[in-house]
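Visitor: Okay, handing you the structure first.
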Amino acid sequence: MAPIGVLTALDQARTQYYHFKAIVIAGMGLFTDSYDLFCIAPVMKIVGRVYYSDGGARPGVTPPAVVSATVGVALLGAVIGNVVFGALGDRVGRRRVYGACLLLMVCSSVGSGFSVCRTRRCALASLCFFRFLLGVGVGGDYPLSATIMSEFANRRTRGAFIAAVFSMQGFGILASSAVTMAVAAAFDHYTGYPAPLDTPECADLAWRIILMAGAVPAALTYYWRMSMPETARYTALVERDVVKATNDIGRVLADLDLGAVAEEEVAAALSRPPPPPRPSYGLLSRRFVRQHGRDLFACAAAWFLLDIPYYSSTLFQSQIYRPLFPAPGLINAFQEAFNVAKFQAVIAVASTIPGYFVAVLLIDRVGRRCLQMAGFLLMAVFLFALAGPYDGYWRDHGAHAGYIVLYSLTFFSANLGPNTTTFILPAELFPARFRSTCHGLSGAAGKLGALVGSIGFLWASQQKDGAAAGHLPGIGMMYALFVLGGICLLGLALTYVFTPETMMRSLEENESDRAQTQVGDGGSDTEAAKSPASMASSHLSMSPILPARVSV
């Protein structure tokens, strides 16, 4: 199957400035996602001191049910956002929906800081509401960021570009820690370093500033997001306007003779035999399941299995930093939040960000499938190493360097492998008219796994006898870690059996291979787009093909 000329030009384009600009623009949603995820832990320390200092079993400590609610509503919103905005990205267009997601994230981040009511219950309910909306926006950004980057990238470095977009999560963690530490230190100094059990009224302002700060980088990129053209693959394959696609690419990519590309494509379209009709099968139809069901299952199941141990490990941090810092009863609210953020920054610098960088370096050399299997295997090994001697040694030696190293290596392995590859693969395996939707479905499955991991781990890690206040008895930390390691091995087996390799293959080749296994009901989207009708501008108006370059 001969490819469309403009898509061939995209696959062969050299790496240039616009690619790196697109990485930053597309990565801001992931930046906001990790900022929101990691700032909530220190924020809830301050919230506990502000709203739960008047008695109770543990004064100054946010109840587990409230912590679970603030985490859970954002993840639930992300499930909905993945599905809804993923589908809209295929139906309305990537660019327009992209801007809507960003506005929702900005408004809900600001709204989280304005969760002001007269009662504690009302204030926290308002916070959960805005965090739900934030989750919807962040969830919608997942499929759109990955799809846009995959459709702009060239074949040779596509994996590295998408992985670089995803690596913005690491910088979001650092930003979250830096902002939290700066705000906490400033308020601590301004209030004269209050006593441990003395929480100034201005602490109610501190946590709001931390939450609202997440809106700033997202808001700064709104103009550039709306200046981006629609992706050429969406315009050519879904809207079936190859000339407009060529025109759009001419605005942003340099050193491509797009006029010649368009002339050749028009001539070829007029001389070639009529293409097969555009495929008419719908999402989750029988033909879709035959052609793409296996890939959708592989992507969704792997993401679901990954996020259970990944988000559980995030909550597991409290078991590690607790022995390293003074007890909460010996420090004030600002100092406690500062210590939590400081530990998160150390883990990010030592394991999370290096894992992303190694993934960017290896993804187009080793391949997605191998990295995903290696990551799952290493995660299982390190979780088992934490679990085996936990009751006999680690529980009483949590500050031991070996304990922290094993925990850090778990995050490194996740980001080196499945945490990155599960974001990349759904953006490469499906036809253009289903790409954003299928990525959204896969991402929604991942966030469901995150819900299971976040809420389930809080219960499972409790001891059968003597569970922490507010928790039901669980199976204990040691057995919970063994379960997480077993889930990683299941992810390894699933990847080996079901996940295909997409390295060094164009997006159209992935679609074509699956379309060739079917007969009837039309051909692939790429073949259908090669009709003279899609060249509606024809030879009479080729001047728009070479517009003046614009900066976007």
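Glycine too: its Cβ is placed from the backbone N, Cα and C atoms.
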Visitor: Checking the topology in Swiss-Prot: do HIS19 and PHE430 fall on a common side of the membrane?
Guide: yes
Visitor: With an 8 Å cut-off on Cβ pairs and a sequence gap of 6 or more, do the transmembrane segment (440-460) and the transmembrane segment (124-144) reach 3 or more such pairs?
Guide: yes
Visitor: Does the transmembrane segment (97-117) reach the transmembrane segment (204-224) with at least 3 CB pairs under 8 A, where each pair is 6 or more residues apart?
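Guide: These two segments touch.
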Visitor: Which sequence-distant residues neighbour the topological domain 'Extracellular' (317-342)? Criterion: at least 6 residues beyond either end, Cβ under 8 Å.
Guide: 39, 41-43, 45-46, 48-50, 60-61, 176-177, 180-181, 184-185, 187-188, 191, 193-199, 203, 206-207, 398-399, 403-404, 407, 477
Visitor: Would you say the transmembrane segment (124-144) and the transmembrane segment (474-494) are in contact under the rule of three or more C-beta pairs closer than 8 Å, pairs 6 or more apart in sequence?
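Guide: Counting Cβ pairs under 8 Å, fewer than 3, so no.
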Visitor: Near the transmembrane segment (398-418), which same-chain residues lie under 8 Å Cβ to Cβ, leaving out any that are not at least 6 residues past its ends?
Guide: 170, 302-303, 306, 309-310, 313, 316-317, 319-320, 322-324, 347, 350-352, 354-356, 358-359, 362, 371-376, 378-379, 382-383, 385-386, 491, 495
Visitor: At a C-beta cut-off of under 8 Å, are there same-chain residues at least 6 beyond the transmembrane segment (296-316) that contact it? List them, or none.
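Guide: The answer is 37-38, 75, 372, 376, 379, 383, 407, 410-411, 414, 418-419, 421-422, 425-426, 429-430, 438-439, 441-450, 452-454, 456-458, 461, 480, 484-485, 487-488, 490-491, 494-495, 498-500.
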